[in-house]
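Participant: Below you will find the structure I want to go over with you.
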């Protein structure tokens, strides 16, 4: 009898742990961390019924395989840490050989962090082109009280970080929409960049794009050189809406004519839509409050829900 109860303890130690709510990034990933748990639990129950531990082996493969995978986390090494603004950082991760993440446009990946013994997961969209070889880059904003931010702030070059994915994304097709209107708040800019870069890299793609980036101040606009480069293309316009700037006079003159102060409200949305060359298809990414406001303003401006995509 003694050996039997010892065996029970062994099996209990191998039982997968149910995820805590903090482990779900809330982005509707397929599979969600809960789906992965259900799958592992079923695998554990099958193995236990047959008293065969070798049936559990397949889930231990996560770190030898250096490819991104939706079901398990894979470790990637940090090759560069760059601070962009007071609370925003750009991180570069190594990919083995000349491999690429092969993300489709606007897809996100999920980061796993450990903070004070608690596992946290968050979704981020790489800003590097999906076919970039040997590396990928992610833009991250650190919040004072954010659990994941506490973990990210400890990162140094050479650290190993766990990611899984890819998930989601916007099924972009060249020339399918006459004009894209992108409404982005803060790091909501990230899923827009790979789409913009794919349009500018493709000479056959004649889609017009109007990007509206909402930031608190001029200093908080991320990736200015990249955005200025993109704005030089004939089919791309970039507007900035700065909620905490009071006057445009202090800004460099090249920014003055396409920058607004205050908030992106219903009137400004209507003005921008009226300046679009064609009726736009709208992409939205920001906080949930921003996304709700934008959806409401667009509706008032006559843009139907089937002409919007929210990241």
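Each residue, glycine too, has its Cβ placed from N, Cα and C.
Found this in TrEMBL, in case it helps:
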- 122, 124, 139, 141, 148, 149, 190: FAD binding site (BINDING)
- 71-173: domain 'FAD-binding FR-type' (DOMAIN)
Participant: Tell me, what is the mean pLDDT of the domain 'FAD-binding FR-type' (71-173)?
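Facilitator: Mean pLDDT, the domain 'FAD-binding FR-type' (71-173): 88.
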Participant: Which one is it: of the binding-site residues 122, 141, which Cβ has the fewest other Cβ atoms within 10 Å in this structure?
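Facilitator: Looking at the binding-site residues 122, 141, the Cβ with the fewest others within 10 Å is that of 141.
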Participant: Count the Cβ atoms, other than its own, that fall within 10 Å of the Cβ of residue 190 (FAD binding site), considering every protein chain shown.
Facilitator: 24
Participant: Return the residues near residue 149 (FAD binding site), defined as same-chain residues 6+ apart in sequence whose C-beta is under 8 angstroms from its C-beta, sorted by sequence, else 'none'.
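Facilitator: Those within reach of residue 149 (FAD binding site), by Cβ under 8 Å and sequence separation of 6 or more, are 141, 142, 143.
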Participant: Just jot down the residues in the same chain as residue 139 (FAD binding site), at least 6 apart in sequence, with C-beta under 8 A of its C-beta; none if empty.
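Facilitator: Those within reach of residue 139 (FAD binding site), by Cβ under 8 Å and sequence separation of 6 or more, are 84, 88, 89, 90, 124, 127, 187, 189, 190, 222, 223.
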Participant: Please list the DSSP helix, strand and coil residue counts for the domain 'FAD-binding FR-type' (71-173).
Facilitator: 6 helix, 50 strand, 47 coil
Participant: Taking the mean position of the Cβ atoms of 122, 124, 139, 141, 148, 149, 190 as the FAD site, which residues outside that list, in the same chain, have a Cβ no more than 8 Å away, listed in sequence order?
Facilitator: 111, 138, 140, 142, 152, 187
